[in-house]
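J.: Quick one: this structure, given as C-alpha cells, is what I'll be asking you about.
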Amino acid sequence: MTTIGLPRTLRAEFAVWRRGAVARLPLSGLAFGLVAIALFFAAGTEVSWSGALGFQNLWAVFAGPMLTALLVATAARVENASRGGGTWYRPVRPGFRRLSRFTVLATRSLLLNALAVLPLVLVIGALSDPTSIPWGRTAAIIVVLWASQLGVLSLLLWLSLHVGWLVVLGAGLMWTVLGVVLAESPSWAALPFTWLVRGVLPLIGTHANGIALEPGAALAAASPWPPTMLGAALAVPFLLLPRIRTATRAPRSKPVEPQLRWTSAEVERPGRPRVLAAVVVILRGTALRWLCPAAVALIGVWLTWHDPGRSVELFTLVVLPIGTLVLGLLAWYACAPGWRATAARSTGTTKPALALTGVAIGITAAVSVASAAVYLVAGLPLADAGSIALTGTAVGAMLTAFSLWLAIRTSFATAVAVGVVGVLAGILIGGTEMQRTLWPLVPWAWADLLDRMLITVPVSIAAAAALGFAIATAARRAASR
C-alpha cells in the first residue's frame with residue numbers, strides 16, 4: 001500500500017479542521033481584544049502607545065498561552081472522541097500526521113494572537129493619529145508571542161498522544177505559571193518555560209507582573225529574539241520525539257466451569273431510579289475528590305504565612321472562579337458519554353440534569369463554607385468569614401451553573417475560553433479601582449464585593465435558578481445531538 005506523502009497529509013489536515021471548535025477558537029482572541037479596549041478606557045489609562053502596548057501584558061503572560069494550550073487540548077479531545085475519523089488506520093506516517101497537526105494549530109495560534117493584539121492598537125491609532133501606529137513594533141509583538149508559543153504547543157501536542165485533554169490543559173497551566181514566576185530569573189536561558197514569556201516583555205514595556213519597566217532597566221534593553229528563538233526551537237525535539245508505547249500484558253484467563261442452577265421464574269421489578277445517588281457516584285470517580293480538598297488546603301497553606309484579612313482575594317478572585325469553571329467542565333465531562341442512554345430511560349434528561357446541577361452547586365457550597373472556616377481559624381473575624389461563606393456559596397452557585405450550562409449548550413472549548421477571559425477580567429477588575437464602575441459587568445468578581453452582598457447574593461441566587469432551567473433545556477437538546 002502506497003504511503004500518503006506530506007503535502008497530501010497537510011491538505012487533508014487543514015480540511016479536517018476548517019470547521020468546528022478548533023476553527024472558532026481564535027475568535028476568543030478577538031473577544032479578549034474587545035474586552036481589553038473596554039478595560040483600557042474604563043481604567044482611565046493615558047491614551048499613549050506605551051500604555052496601549054503595556055496593556056497587552058495580561059494576554060502575553062496568561063491568556064494567550066492558556067488559549068494556545070486550549071487549542072491543543074480541544075483538538076486532542078475531538079480526535080479521541082472521533083477515533084481519528086478513520087485516519088488512524090490509513091497509510092500515513094505518524095511523523096507526517098503530527099507535523100501536519102502542528103502546522104494547523106500553529107496557524108490558528110498566529111491568528112489567535114493577531115486578533116488579540118490588533119483591536120486595541122487600531123482603536124488607539126484611530127483616536128490619536130493613524131499615521132503614528134507603530135506597525136513594526138506591533139508586528140514584532142505578534143510574531144514574538146506566536147513563535148514563543150510554538151515550543152509549548154509542540155510539547156502539549158506530543159503529550160496529548162499519551163494523556164487526556166484535561167491533563168494537557170493542566171500541563172499548559174503549570175508551564176504558563178512557571179514561565180510568569182521565573183521569567184526574569186538570571187538563569188532564564190536554562191529554564192525552557194521562561195522562553196514563553198520573557199521575549200515579549202521588552203516589547204510591551206512591562207515586568208511579568210504587569211508593572212511598567214523602569215527607565216534604564218536591564219530588561220528594557222534586552223533583545224526579545226534569543227528567548228523567542230529558543231521557544232520556537234523547542235518545538236523541534238517534540239516533533240521528532242516518537243510516541244511512547246507501553247507494554248501491555250495479556251489478561252489472565254481461566255476456564256469457566258458451567259454450573260447449573262435452578263432459579264425462580266419470577267423476575268424482580270426494577271425499583272425507582274435513584275438519580276441523585278447515581279450523579280454522586282459518577283462525580284465521585286472524577287478528579288473532584290482530590291481537587292476540592294486541594295483547593296481548601298491551598299488556602300490553608302497560604303494563610304500560614306499571610307494575613308487572612310489581606311488574603312481574601314485568593315478565594316474570591318482565584319480559587320472560587322477557577323474552581324467553578326473546572327467543576328462545571330468536569331461534571332459534564334463525566335456525564336456526557338452516557339447522556340443519550342440516560343435520555344432513553346424512564347427518568348428522561350430533566351431530572352438527571354437538575355440533579356447534576358444540584359450536586360455541583362452543593363460541592364461549591366461545601367468548598368465555600370470550608371474555605372470560610374479556614375479563614376476563621378486563621379484569625380478572620382466571624383462576621384467576615386460568614387460573609388465569605390454566604391457570597392461564595394451564592395456567587396459560586398451562579399458561576400458553577402453558568403459553566404455547566406455553557407459546556408452543555410456549546411462545547412468544552414467555548415466554556416474554557418469564556419471562563420478564562422471571565423476569570424482574568426474578574427482578577428483585573430475586582431482587584432483594582434475599576435470595580436467601582438464595572439462590577440455589574442463581571443460576575444466573576446462579585447464574591448470579592450462583600451460591601452455589595454445585599455445586591456450580589458439575591459441576584460446570584462436568581463441567576464443560578466434561571467440557569468438550572470436553562471441547563472435542563474440544554475441537556476434535553478444534547479441528548480439528541
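Cβ coordinates are placed from backbone N, Cα and C, and glycine is handled just like the others.
Just so you know, TrEMBL annotations never went through curation; they're auto-generated.
Sharing the features that TrEMBL gives for it:
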| type | residues | note |
| --- | --- | --- |
| TRANSMEM | 21-43 | transmembrane segment |
| TRANSMEM | 58-78 | transmembrane segment |
| TRANSMEM | 99-127 | transmembrane segment |
| TRANSMEM | 139-158 | transmembrane segment |
| TRANSMEM | 165-183 | transmembrane segment |
| TRANSMEM | 225-244 | transmembrane segment |
| TRANSMEM | 275-302 | transmembrane segment |
| TRANSMEM | 314-333 | transmembrane segment |
| TRANSMEM | 353-376 | transmembrane segment |
| TRANSMEM | 388-408 | transmembrane segment |
| TRANSMEM | 415-432 | transmembrane segment |
| TRANSMEM | 452-475 | transmembrane segment |
J.: Short question: which residues 6 or more past the ends of the transmembrane segment (99-127) have a Cβ under 8 Å from it?
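T.: Those are 6, 9-10, 12-14, 17, 22-23, 25-30, 32-34, 36-37, 40, 47-49, 52-53, 55-56, 59, 63-64, 67-68, 71-72, 75, 133, 138, 141-142, 145-146, 149-150, 153-154, 157, 235, 239, in sequence order.
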J.: Does the chain bring the transmembrane segment (388-408) near the transmembrane segment (21-43), so that three or more CB pairs sit under 8 Å (pairs 6 or more apart in sequence)?
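T.: No, these stretches are not in contact.
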J.: What residues in the same chain, six or more past the boundaries of the transmembrane segment (452-475), come closer than 8 Å to it by Cβ-Cβ distance?
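T.: Here the qualifying positions are 339, 349-350, 352-354, 356-357, 361, 387, 390-391, 394-395, 397-398, 400-402, 404-405, 408-409, 439, 443, 446.
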J.: Which stretch, 139-158, 165-183, 353-376, 415-432, tops the Cβ pairs under 8 Å count with the transmembrane segment (225-244)?
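T.: Per the Cβ under 8 Å count, 139-158.
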J.: Under 8 Å, at least three CB pairs between the transmembrane segment (314-333) and the transmembrane segment (415-432) (pairs 6 or more apart)?
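T.: Contact criterion met.
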J.: Quick one: find which recorded stretch in 275-302, 353-376, 415-432 has the most Cβ pairs under 8 Å with the transmembrane segment (58-78).
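T.: Stretch with the highest Cβ contact count: 415-432.
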